[in-house]
Amino acid sequence: METENLTVVTEFILLGLTQSQDAQLLIFVLVLVFYLIILPGNFLIIFTIVSDPGLTAPLYFFLGNLAFLDASYSFIVVPRMLVDFLSEKNVISYRSCITQLFFLHFLGAGEMFLLVVMAFDRYIAICRPLRYSTVMNPRTRYALLLALWLGGFTHSIVQVALILHLPFCGPNQLDNFFCDVPQVIKLACPDTFIVELLMVSNSGLLSLLCFLGLLASYAVILCRIRKYSSEGKNKAISTCTTHIIIVFLMFGPAIFIYARPFQAFPADKIVSLFHTVIFPLMNPVIYTLRNQEVKASMRKLLSQHKVF
């Protein structure tokens, strides 16, 4: 009988990172500077790989897609976050919230699967070098790319479908600076234990299994590298070390956020900031700074256009 008097939520109020005006201003400046410096770097990586005929190996093909995914991912949260810093009341409609959540998990899961594909690429290159050109042919590359996009879409649409079936009748305050599964689910009217369990299985368990699988695969690769010559060993170790760093940076925050009951912790917002703002922009840069071929090609490209 009481449910007839409940009001359906049509918008959410984002409480943001902090209520301190000074802290908000500092974070705004830091994020804006970081965004304006690093984001063009992602597009430079893409343009360098596309324009240089010497960077046609599968590794660079996947690195270019990684930069594209990260650049796209950063557009989901950061622009609105910067605008909200300058607004007195940060309101997001229900539809916009669901849309943001969908693309956040769509691109995030796509990137997670891309890291798995890149680990597979390194395994074939190092452990099966004679079969590498046959296995990682253009058709295989595009098939793997299509698979990771479909995987990301399936993962995200399941999340959204579960949330769309939940009634929201107030309160409507999201204790975060963007819409994400843990905070949105907590605002639903009914008991969400089963939905939370499904979400943890969909996001948290999947992240954990991929993380453990990637660590196991790179452990096997590093064991095989011991048989290489000194020069080949150093190059392979450098590449694998870069991948392992990215795996920890990507999956650490994801596991912390999604592989546990959706209860608020003091570190949640800081981890979310790193996961949605800092990491997506730094990811391709880390790869580039540790890849001599890409750096050399980038310097050549910039010198041709008299930028560097």
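Cβ atoms are placed via backbone N, Cα and C, with glycine included.
Please treat TrEMBL annotations as automatic predictions, because they have not gone through curation.
The transmembrane segment feature in TrEMBL is assigned to 25-47 (among others). Long-range contacts of the transmembrane segment (25-47) within the same chain, counting only residues at least 6 positions beyond its ends with a Cβ under 8 Å from a Cβ of the stretch, are 17-18, 63-64, 67-68, 70-71, 74, 78, 81-82, 85-86, 277-278, 281-282, 284-285, 288, 294, 298, 301.
The domain 'G-protein coupled receptors family 1 profile' annotation in TrEMBL covers 41-287. The average per-residue pLDDT of the prediction over the domain 'G-protein coupled receptors family 1 profile' (41-287) is 87, rounded to a whole number.
The transmembrane segment annotation in TrEMBL covers 59-82 (among others). Sequence-distant contacts of the transmembrane segment (59-82) (same chain, at least 6 residues past either end, Cβ-Cβ under 8 Å): 28, 31-32, 35, 39, 42-43, 45-46, 49-50, 92, 100, 103-104, 107-108, 110-111, 114, 117-118, 121-122, 125, 141, 145, 177-178, 239, 276-277, 280-281, 283-284, 287-288, 291, 293-294.
Counting residues 6+ beyond its ends, the transmembrane segment (102-121) has Cβ neighbours under 8 Å at 58-59, 62-63, 65-66, 69-70, 72-73, 76-77, 136, 144-145, 147-149, 151-153, 155-157, 159-160, 178-181, 203, 206-207, 210, 213-214, 217-218, 243, 246-247, 250-251, 254, 276, 280, 283 in the same chain. Look at TrEMBL and you will find 102-121 (among others) tagged as transmembrane segment.
What TrEMBL lists as transmembrane segment is 142-168 (among others).
Among the features that TrEMBL reports, transmembrane segment is placed at 205-225 (among others).
Residues annotated as transmembrane segment in TrEMBL: 237-258 (among others). Away from its own ends, the transmembrane segment (237-258) comes close to residues 59, 108, 111-112, 115, 118-119, 122, 126, 180-182, 199-200, 203-204, 207-208, 210-211, 214-215, 218, 221-222, 225, 267-268, 271-272, 274-275, 279, 282-283, 286-287, 290-291 of its chain (Cβ-Cβ under 8 Å, at least six residues beyond either end).
Per TrEMBL, the feature transmembrane segment maps to 270-289 (among others). Sequence-remote contacts of a segment are chain residues at least 6 beyond its ends whose Cβ falls under 8 Å from one of its Cβ atoms, and for the transmembrane segment (270-289) they are 17, 31, 34-35, 38-39, 41-42, 45, 63, 66-67, 70-71, 73-74, 76-78, 81, 104, 111, 176-178, 180, 242, 245-246, 249-250, 253-254, 256-257, 295, 298.
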